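Novice: Here you go, one structure.
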Amino acid sequence: MESPIAEPNQAQDTSPGISLTLNLILAFAGCVSVQNNYFLQPILPTLRDYFGVSESSAGSLQALVQGGFSVGMLLYIPAGDVWPKRSLLLFQFGVLMVAVLAQGLMRANMFPLFQFFCLLVGWGTAVNDLIKPFAMSLSTKDQSGQVLGIILGGFYLGMMIARVLSGIIGQYWAWQGLFLVHTGVQVATIILLWFTLPRRTQVADHSTTRQKLVAYVTNVAKVITQFFSLPALRNACLMTFFGFVQLNSYLVAVSFLLTSPVYGYKTSIVGYLAFASIITTLQSPNTGRLADRIGPYNIVPLGFVVSLLAWTLLITAGQRHIVAIIVGGVLIDLGNQFNHMPQNLRVFRHTQLPGLESAGSRLNATYMIFVFAGGSLGSVVGSNTWSRGGWNLVCYVGFAISSVMALIWLLFDEKGSVRSVSGMHDAIVGLVTGKNFRAISAKSKGLGLKSDQESEVA
């Protein structure tokens, strides 16, 4: 079994690191690909009318995208630890381009085929989480937080653009145009990546095809088993799971609130609300730099504290003032970033440990499966709490979920180990006094883990 606890491998720091230009190019690629996960939501009523299907059938389209994404995470992303990431990136973008083009060419009697291409789009969109380990494999430890922050900033920007464009096109233009234009953007992205991605990012691999297939199957199995064998990974997955439950619960419920008689807005206005996410997008690199300075786990409390404040605002004023909706939404988005980015960085820093140097893709796959599961559950929670108890119940449940995140942080330390009573006391004192947010030494920027042998000596 791989030891989850060891000192970071300093050999990686001899790398010159990733250039800002390449970092931005990869962030742009992530921005383009992530949009496919968010195009359908605002135009589901339009697609329902075009294909002449029921609301439940139209709703299956988004479920198929999410299902394809999940399958891609489990079966495709671990391949990034076996085969060259550059080739996999280009291949996956090619699949995504073909699937999106096919969606834009569908006629009204082709709904089953449209469903198939939704599944394929979801599978192709899993390329997002090949981009992250690719960028991290090129970065040094000291720049890893900033690099990841820029990549995630591209993702946040893509989410915002997709929601805004889809909301506008859903009201004013033929929906096919959205997919056809996006196909052209993806062609340009493939050309850009072809000429800019480094062709060799690691030591030459002379393994046979059979050996690579065996390694791939092993990696797929490890996507599941490493959740149980790596405590810090397990802790990051669980906290991020709850973070995306509360985020997606808000995103689903707020669309119902804004189009209800309480506000009476059109779908385009709901799309415009995504512009508030620009704050989160701009903040992302700063969050990464802060993680490099004080350590990823010390940022996590900002996430649940900001989220708790957001839900409090939404409970008290969300049904009376649109400004409260905007500010509350920004705070929830920001709170989720303060949790997601540091947790994702903790996951990638496992690759600094002996035996896990080339495990970035499968580690990220495990983590992102929990992101996907949390987002899916959040959509269900948001729609069901809205239908059963309205906006107040949505906010109460969101507040409770954020409280669970705070409880997990209090009970477990950065190694994923259960805190002692004195450790919990110190964590609370550090949070209240601000001690957790002081700069830490370079040696303690990793996972905060020791090897089994060192633990025995200590």
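Glycine is no exception: its Cβ is also placed from the backbone N, Cα and C atoms.
Reproduced below are the annotations present in TrEMBL:
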type	residues	note
DOMAIN	22-417	domain 'Major facilitator superfamily (MFS) profile'
TRANSMEM	20-39	transmembrane segment
TRANSMEM	59-77	transmembrane segment
TRANSMEM	89-106	transmembrane segment
TRANSMEM	112-135	transmembrane segment
TRANSMEM	147-169	transmembrane segment
TRANSMEM	175-197	transmembrane segment
TRANSMEM	236-257	transmembrane segment
TRANSMEM	294-315	transmembrane segment
TRANSMEM	321-338	transmembrane segment
TRANSMEM	359-378	transmembrane segment
TRANSMEM	390-412	transmembrane segment
Novice: Within the same chain, where does the transmembrane segment (390-412) have neighbours whose Cβ lies under 8 angstroms from its own Cβ atoms, ignoring anything closer than 6 residues to its ends? I mean 6 or more beyond.
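Specialist: For the transmembrane segment (390-412), the nonlocal Cβ contacts are 235, 238-239, 242-243, 245-246, 249-250, 253, 257, 262, 300-301, 303-305, 307-308, 311-312, 314-315, 318-319, 332, 335, 339, 381-382, 418-419, 424, 427-428.
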Novice: What residues elsewhere in the chain lie close to the transmembrane segment (59-77), defined as a C-beta under 8 angstroms and at least 6 residues from its ends?
Specialist: 36-37, 40-41, 44, 47, 88, 92, 114-115, 118-127, 129-130, 220, 223, 361-362, 364-365, 368-369, 372-373, 375-376
Novice: Under 8 Å, at least 3 Cβ pairs, sequence separation 6 or more: does that hold for the transmembrane segment (236-257) versus the transmembrane segment (175-197)?
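Specialist: Between the transmembrane segment (236-257) and the transmembrane segment (175-197), contact is absent.
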Novice: Would the transmembrane segment (20-39) and the transmembrane segment (112-135) count as touching if the test is at least 3 Cβ pairs under 8 Å, pairs 6 or more apart?
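Specialist: Checked: the transmembrane segment (20-39) vs the transmembrane segment (112-135), in contact.
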Novice: Hey, which of 112-135, 147-169, 175-197 has the most Cβ-Cβ pairs under 8 Å against the transmembrane segment (359-378)?
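Specialist: Selected stretch: 112-135, with the most Cβ pairs under 8 Å.
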Novice: Restricting to CB pairs under 8 Å, which listed stretch, 89-106, 112-135, 147-169, is in contact most with the transmembrane segment (175-197)?
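Specialist: Checked against 89-106, 112-135, 147-169; highest Cβ contact count belongs to 89-106.
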